[in-house]
Amino acid sequence: MKPFVVFVLGGPGAGKGTQCERIVQKYGYTHLSAGDLLRDERKKPDSQYGELIESYIRDGRIVPVEITISLLQRAMEQTMALDGNKHKFLIDGFPRNEDNLQGWERTMNGKADVSFVLFFDCDNETCIERCLERGKSSGRSDDNRESLEKRIQTYLQSTRPIIDLYEKTGKVKKVDASKSVDEVFTKVQDIFDREG
């Protein structure tokens, strides 16, 4: 069976991870965060990609698409090998730019079905405040204002155009992510009850 994929996009701090946890609990999806996979990979002492990933993340740049897709593909294959019923995936924080999207279409065409794009729309200042708050406890090296402003610029220049592209195909489901966690999840449930 082919993986059934929902791409989850939104700026840093839009609440993607929090909402994905709830979707997993309620709808049985497997959550794959492109960022978490990259962060885990760079910590592995024997990783062929570790140092490269580290330098990209530190500079707030987008990691080369081949690396990210190979990690996503491996994670989906491992999940499905362990449990044949687990074929629904939330892919969070990918595709981040046109190169990502083309790489996905080149590599995964016919191997996975993208059902829709869940887009958490949130103003930049709210996103920054949330990330600074999270940075106090998360220990993430990129949760500081300077890094965040770079990440938001990257997001606006690179990821927003992807959302616009998907909007033309009618695949984008947009949620106002500036509301409380519960209010946002109510909207998310409406979408998943209809779509998948």
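Cβ coordinates are placed from backbone N, Cα and C, and glycine is handled just like the others.
Look at Swiss-Prot and you will find Gly13, Ala14, Gly15, Lys16, Gly17, Thr18, Arg134, Lys179 tagged as ATP binding site, backed by sequence analysis. In the three-state DSSP assignment, the secondary structure recorded for Lys16 (ATP binding site) is helix.
Counting only same-chain residues 6+ beyond the ends of the region 'NMP' (33-63), those with a CB under 8 A from a CB of the stretch are 16-17, 20, 71-72, 75, 91-94, 96-97, 99-100, 141-142, 147, 150-151, 154, 158. Here Swiss-Prot flags 33-63 as region 'NMP', drawing on sequence analysis.
Taking the Cβ of Gly93 (ribonucleoside 5'-phosphate binding site) as centre and 10 Å as the limit, one finds 24 other Cβ atoms among all the protein chains shown. Annotation source Swiss-Prot lists ribonucleoside 5'-phosphate binding site at Arg39, Arg61, Ile62, Val63, Gly93, Phe94, Pro95, Arg96, Arg140, Arg151.
Residues or ranges marked as CMP binding site in Swiss-Prot (evidence: sequence analysis): Asn100. Counting Cβ atoms from all protein chains shown, Asn100 (CMP binding site) has 22 others lying within 10 Å of its own Cβ.
The region 'LID' annotation in Swiss-Prot covers 133-143 and rests on sequence analysis. Model confidence over the region 'LID' (133-143) is summarised by a mean pLDDT of 72.
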Listed in sequence order, residues with CB under 8 A of Arg39 (ribonucleoside 5'-phosphate binding site) and six or more positions away: Ile53, Ile57
Under 8 Å by Cβ from Pro95 (ribonucleoside 5'-phosphate binding site), counting only residues of that chain that are 6 or more apart: Phe7, Leu101, Gly103, Trp104, Thr159, Ile162
Rounded to the nearest Å - Cα separation of Lys16 (ATP binding site) and Gly93 (ribonucleoside 5'-phosphate binding site): 8
